Ligand SMILES: NC(=O)C1=CN([C@@H]2O[C@H](COP(=O)(O)OP(=O)(O)OC[C@H]3O[C@@H](n4cnc5c(N)ncnc54)[C@H](OP(=O)(O)O)[C@@H]3O)[C@@H](O)[C@H]2O)[C@H](O)CC1
Ligand SMILES: [K+]
């Protein structure tokens, strides 16, 4: 058993692949052995997480995930005076191994209760063994009540394999979560179908863990999975050989920026970046020049030798006393074959007039924000992107979920969020370039590349301008010679790391991120 993200290589398998690993491993073992290993591992983990728990509540569900919980109860009962199991299921429909585990738990004298323990205090432990990778719909009724109770308690929480109700592949809570017959308000269970107010209520004292079995699951690292899963631990249950035999679909992003520049290098050797964007509207007295400044600052701090700014807003000043290194220049005066262009930051519709030239002249291109919106509405640009790919020119797109929805012709961001992993793959297939799908658990994918899930960063990056900073940083790394996919992975990782390292009591702005790269 090890902390998933501290392993030198952390990979995730699809659910289908996990099922294959499970079946192959089980075929090699006596019946129930794998589940017993899972139970033993869970019991050990529980005691390590909450050694002083007054109460350990194990909520078991109708499938093998519940079986894992029962197996753990058998061990914990011997080691702890107050272990309570609540079970949600039907004996006749239990899978055979879970049934054996239930019978063994009864025989061993495990305490079964109809209701969860009365009061759960800080330091107590809840174990969610309700649903694992077999969840296929939103938990309802009693199961949902128990989940809400566990997730809002001040006690610690271990999710077995996967937080129940989470799609282990997409990181989305199965629909209707929270619309059960009862719901919770201020810690009290209320009857009636109330809106989903409980979804993200986490008690500040609660520490969350997921002990996942056999293989990493992508849904724990993206979308809603990150908050629900907490700290992830992995126990391959002795099936490492089988895990290694199955090709993983996703890899945890570990890339770090490598900015090795020769000692004798001059500024021209470090790569040139031009930021194209910053549109304005004189009638409305609007200007988006700041977005360009942020991308430009990121390109400078990201190591580019020279950073040029092509501002679309004719009224915006052509100098910035706070960042005097930025040089204001039209793209017409630059050799576009030799610069990396970062296009779109605050570009408005006006950026559309420059995009065809950038697409045909510029060998290295990062497309963000409004540039993506222009591409979404112009099929000819899609063809140009394919042409770029054939030429071996490098393009990176950095959509957030709404931009991704526009690019894919989907109704809204929610449709993308419903399966982020699939969306990023589709974007790569359609546009034939490297795609960074931003959000909780940013995804990076490229033609012929494994999909990377990024695990650095936090919600402090959800402020205006951080996307511009990321685009500028990717551009800077490409300008210094990093291939597009590597540059995207390294930039996303470092960008998130800055937010993770930033002192919690201090506000983090986009410019702060740029200065820390
Ligand atoms: N087999 C082993 O040795 C090991 C298994 N491991 C653990 O097993 C789970 C996967 O087990 P599985 O039984 O396939 O799936 P679940 O435990 O998640 O249960 C699925 C059953 O629950 C029903 N279901 C699905 N969604 C809901 C819901 N929202 N509400 C109520 N019931 C639901 C579903 O049945 P239906 O017929 O009603 O659709 C399934 O029967 C895995 O995650 C591990 O924890 C370990 O890997 C160790 C070895
Ligand atoms: K679970």
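Glycine is treated like the rest: Cβ placed from N, Cα and C.
Caution: TrEMBL annotation is automatic and unverified by curators.
Listed in TrEMBL:
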{"type": "DOMAIN", "residues": "18-245", "note": "domain 'YjeF N-terminal'"}
{"type": "BINDING", "residues": "64-68, 132-138, 161, 291, 346, 400, 468", "note": "(6S)-NADPHX binding site"}
{"type": "BINDING", "residues": "65, 128, 164", "note": "K(+) binding site"}
{"type": "DOMAIN", "residues": "250-517", "note": "domain 'YjeF C-terminal'"}
{"type": "BINDING", "residues": "438, 439, 440, 441, 442, 467", "note": "AMP binding site"}
Cα-nearest neighbour of residue 67 ((6S)-NADPHX binding site) within the listed binding-site residues, 438, 439, 467: 439
Reduced DSSP assignment, residue 128 (K(+) binding site): strand
Integer Å distance between the CA atoms belonging to residue 161 ((6S)-NADPHX binding site) and residue 439 (AMP binding site): 23
Cβ under 6 Å from ligand 2: qualifying binding-site residues of 64, 65, 128, 164, 438, 442: 65, 128, 164
Minimum Cα separation from residue 440 (AMP binding site), reported as the residue among binding-site residues 64, 65, 136, 161, 400 that achieves it: 400
Output field, AMP shell: CB within 8 Å of site CB centroid, site 438, 439, 440, 441, 442, 467 dropped: 400, 401, 437, 443, 454, 457
Listed binding-site residues adjacent to ligand 1, that is, members of 64, 65, 438 whose C-beta is under 6 A away: 64, 65
Cα within 10 Å of residue 65 (K(+) binding site) - qualifying binding-site residues among 133, 136, 161, 400, 441, 442: 133, 161
